[in-house]
Every structure is written in C-alpha cells, then in structure tokens.
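For reference, the structure discussed in these notes is given below.
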Amino acid sequence: VIDYKTQQNRLFPLLASAYAFRFVGEWLKWLYTDVTQRLQANDFSTLPEAHACTAGLKSLTTTATAVCY
C-alpha cells in the first residue's frame, strides 16, 4: 500500500501530524510539571505562557483532526 503515490499523499501528512502531536504532548508534560512546581513556590510567571500554549494547541489539534474526516 505504501508504494502507491495516492496512498502516500493521504497517509504521510496524517503520520507527520501524529508524530508532531506526540512530541508536543511530551513538551506539554514538561511544561505542566514546570508550571506546577513554580505554582507551589508562588511563582505565577509562567502561567500565562502555559495557558496560551495549551489554548493554541487545542485549537490546532482540533482543526487538524477535523480535516482528517
């Protein structure tokens, strides 16, 4: 199946998105841990960045998965 160009054109962008979402998920876990530790120390400086990143990524992943169908 992977030898056919038409299948590659449909499969590869989805596969690339899956890898990108996986790496972004790992980064979000790190960000969550960092923000949580800072919040326990009453440091709220990274909270706006975390909020902006998660809101933007929610929109991006929703749009990307909606395009698949």
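Think of each number as a place in line: the chain as shown, counted from 1.
Glycine is treated like the rest: Cβ placed from N, Cα and C.
Each residue in the domain 'Acyl-CoA oxidase C-alpha1' (1-66) gets a DSSP state, and the totals come to 56 helix, 0 strand, 10 coil. The domain 'Acyl-CoA oxidase C-alpha1' annotation in TrEMBL covers 1-66.
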Express the predicted model's confidence over the domain 'Acyl-CoA oxidase C-alpha1' (1-66) as a mean pLDDT, rounded to an integer. 92
